[in-house]
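**Q** According to TrEMBL, the feature domain 'Heme-copper oxidase subunit III family profile' maps to A:1-197. Positions annotated as transmembrane segment by TrEMBL: A:21-43, A:63-81, A:93-112, A:132-155, A:176-194.
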Amino acid sequence: MQIDKTKPLEYSTEQGRLNILGFWIFIGAEVMLFATLFASYFTLVDRTGSGPSGSEIFELTPVLIETLLLLTSSFTIGLGVHAMRLGRTKAMLTFFIITLVLGLAFLGVEIYEFVHYVHVGAGLQTSAFTSILLTTLGTHGLHVTFGLFWGTMIVMQVMKRGLTPATANKSFIFSLYWHFLDVVWIFIFSFIYLKGMM
Amino acid sequence: MEFFERFAIPHPSPAIYASMVAIALTTIAVVVGLTYFKKWGYLWREWLTTVDHKKIGIMYMISALLMLFRGGADALMMRAQTAVPENTLLDAQHYNEIFTTHGVVMIIFMAMAFIIALMNFVIPLQIGARDVAFPRLNALSFWLYFMGAMLLNISFVIGGSPSSGWTSYFPLAGNELSPSVGTNYYMLALQISGLGTLITGINFIVTILKMRAPGMTLMKMPMFTWAGLITNVIIVFAFPVLTVALAMGTMDRLFATNFFTTTDGGMDMLWANLFWVWGHPEVYILILPAFGIYSEIIPTFARRNLYGYTTMVVSMVVISLLSFVVWVHHFFTMGQGALVNSIFSITTMAIAVPTGIKIFNWLFTMWKGKIQFTVPMLYSLGFIPIFTIGGVTGVMLGMASADYQYHNTMFLVAHFHLVIIPGVVFAMIAGLTYWWPKMFGFMLNERIGKWGFWFIAGGTVLAFFPMFISGLDGQARRMYTYSEGTGFGIWNMLSFVGAIGLAIGFALLVYNIYYSTRYASRDIGDDPWNARSLEWATHNPVPEYNFAITPQVNSSEAFWDAKKRGHKLFKAGYKDIHMPNNSGIPFIMSVFFFIFGFAFIFSMWITVIVSLIAILACMTYRSFEKDDGYHITAEELKKAESELRGAK
Amino acid sequence: MKLKWAILGALFTLTAVLTGCEPLTVLDPKGPQAQTQADVIWISIAIMAFIVITVFVMLVYILIKYRGSKQADSYEPPHIEGNKIVESIVVGIPIIIVAVLSIISVQSTYDVEAKPEGYGDKEPLVVYASSSDWKWHFSYPEQDIETVNYLYVPTDRPLEFKLYSYGPITSFWIPQLGGQKYAMSDMITTLHLAADVPGEFMGRNSNFSGEGFAENTFNVTAMPQQEFDDWVKEVKQTAKPLTEEKFDELLEPGHLGQLTFTGTHLGFMPPPKGHHEGHGAGGEDHSEHSSHESESSEHSEHDNNNNEHNHESDEAASHNE
């Protein structure tokens, strides 16, 4: 395997570079996935049937907490990648673990939020609006859940194997994924919650 | 007993019992055969665990041929049922199941598989690469597709087939009007194989962008590779839409959500929109690789370079962009008004311009050429007139006002078969015949191939031209029968005769494969067609490492230049080649996906969760696995190459 | 070459049949909308035939002139990259053709979507055509009568069909009067037609809707206004009134012959309203009828609900427009 020392560790092998480009294209597909969900959301947002509308069920506090948690986690994983570039494995691991903990906390609040919705009569089956709302949020939530699972494995691998081109590559790709989820959340926050509450 | 009742067929008939027996016997025969000939190990080592793009391509091709016969049998039954008025060969429910599975199988599991087969086999060779960018993901793509296809195919004997059309419009496809599990099969099978297709898309974009031989700039890529690149971009952007639509449909059916229902705000039109936002680009996913194949074959047998390389590329890019903004023409009649219909009418007809350019460029490619009528060339030449008719009728359908009369009629059926059959099926057979020696080291028999061509081309014309007439006479599509007084009988009888012609043609194709495997000469050299592009610069069949030395490329016809203009393809000496190890993970993971899908269809939630955990376990295993592959050393290469050359 | 002749032959046969003595349904229009569409179809066939013939002639010429068996062994075809002028022509002519077709398409689309011209200030006859598995219900609010699976219309008066469905998406199509349009459960679509001459025409649902789809047809009879009025009078005298119970029964999946009633279902089961805005109106009721679990008291409750939603949807609809 050829290692190009002039490039950052995650880009140093040919396979590593392919992985990163491949992942960018995957993110392109994910953008389409969420775009479709958003388009469907905007189509169905007023079709509340006999159920409640967004302004009746959205609560600002949990949403703000979720936003804060996820934005912070996006920042910490950025710090983690920075530490990785400097070769400081310990600092990187710390930041990655903080990121995962923040992600877990986000998920906890989101589960609380879902329970709240069901509690106030906005279940998955209530109306077209609640179906698409919970599906869109749920798809994002599932991505975060998968991210936690994936990130844990990467942290374990870095602990076990140290920073190699392979583990650095995986960590970097994971950080892309995590940033992407953050961007999606910003859209959810602006166009679902804020727009819905206004 | 209650547990098993859900697997029963809602509408049993002798045909279904016969296929149950047939499936059981085939399975037993395969298992016994493999055991008797002690081939289990071989199957596992060489095929089930392979990550070689060439073998994966061949597996795709075999699956596609199998699906062609499954879908073809459906088509024959449909044509037989409607051949005469008030026929009772099939009842309405079976006819509905059959045209639904015909559509799904042909588009998703036959045509898609066939184009991916050829892309898999040819593209890495055309760009001088060792393999695709992610060989394991490639294997995963194939196995996901395969499991999806198997899942849909068992629906016929376990639980019932989908019967609401390949478009599966809600609310017809909803729980209330389609209570059997058939539509669940549709949703899950398409979801699983769609995931495989998406992975293929990502894989090939990276491969084509990053792994081209030195010297091959984008505008020096062979046209099939260009077509592959654009196709895969469309795949990446179109398939997520299907993923979402299928997920919503699945949830409507299994979790009682209200996306497409007629209650609580659900919107049946949303399904139609999402389906066609994916569905129309899908058509171009099928046709662009076919265009690429013709762009390889026509220059080869006209003995001239491809005319208008740049316009060919530009026109494909334009087609791919337009393909995303025409979806409404599939339902001009949904009442969205004159303005929306006018806009989509214009975008639809606009596609004719880049497509027309391609037709004329192929014609100009033969200008001053030296045309040889080989089997691949015959299909390419048959493609031009039939596809032109299919294409111009598409423009007619694109005129919204007139479409109110064509929509949902046999006219439409004639149109899309006359673009898809010459556009995709002809290209597949042409490509198969053309690259067959690359795959297996011998050629398919030309004489049988030509007979096959005339049956298939003639059958296509005879089967589908009468539908234009019966469509204009008011025959709606998807009718399982019609009365004598309508006067549709004669046209449907002609179609049935045409369908038999097609069936004979396809049978000849299979016979040709059998015949040539037994009798064809293995001494064909590396360049039996006197071809032009890079894939012919290596041996037939291709060794596992593809090229012993990475080629240097100077044009889109590097091999031709090497033959005629003294271009030197192989400058460097032998170097070690890095190879990936085989892996059982893609196959095992896909089996779990199959179980997951099957359990989901029948709402067996414990099994769903267990299989999901198993899938995650496979991913975990893969993540922790250390696999650096192995190397073929320069010494071994030298030995292998001299043997390959000595054999010729 | 056989293939080319086969195709050309087929093309001629096609033309012969299209123009032949027994005209095809779609090309035998009996109303202004169908006439417009038939004209568009003929124009497009003519233009397309020109393109097809051009391609065929070029193909045959090239194949004959440049076939390998005719040329010397030593002939090496030249390398030709492309030619700006030729390619401009190849791009330009299709663009002109598409532009012409676009104008025709847009113009005629607006025509067939509007009330047909040439009927002075005659108000259109409004007919509510709703489908249920697998039949058509025609409500004449003006005349206050309802028919099942057959349609009587006056000639020389525009017709305005209000389409909706109690079940799957269907498509209302009377080829000799004009093109089709979908009937859906959560909105009303409007189809403008007119019959110029008296006669009997075939009408059907052309959009696949399940098991009974093939037989989902209806007969259309166009007659002078006087006869139509007589028929209405006769119906009023002879037919039974349409009750809610009876209509529920009619909605059951299955096939029915031709039925006639006085009164319409529009009163007790109003059609859905609005564009791109759904609510349960048709569908909700449909689901209950088919499952036979609803009590009549529940009905009125739902109707109230529906009215509320209708109100909302009206607003949304005006918002959309």
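Each position is counted from 1, following the chain as shown.
For all residues, glycine too, the Cβ spot is worked out from N, Cα and C.
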**Q** Should the transmembrane segment (A:21-43) and the transmembrane segment (A:93-112) be scored as in contact, given a threshold of at least 3 Cβ pairs under 8 Å and pairs 6 or more apart?
**A** no
**Q** Mind checking which residues reach the transmembrane segment (A:93-112)? Cβ under 8 Å, same chain, six or more beyond either end.
**A** 62, 65-66, 69-70, 72-73, 76-77, 79-80, 83, 137, 141, 144-145, 147-148, 151-152, 154-155, 158-159, 171, 178
**Q** Tell me, roughly as an integer, the mean pLDDT over the domain 'Heme-copper oxidase subunit III family profile' (A:1-197).
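**A** Taking every residue of the domain 'Heme-copper oxidase subunit III family profile' (A:1-197) together, the mean pLDDT is 93.
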**Q** For the transmembrane segment (A:132-155), what are the same-chain contacts with Cβ under 8 Å, counting residues 6+ beyond its ends?
**A** 33-34, 37-38, 40-41, 44-45, 54, 70, 93, 96-97, 99-100, 103-104, 106-107, 110, 113-114, 117, 122-124, 167, 170-171, 174, 177-178, 181, 184-185, 188, 192
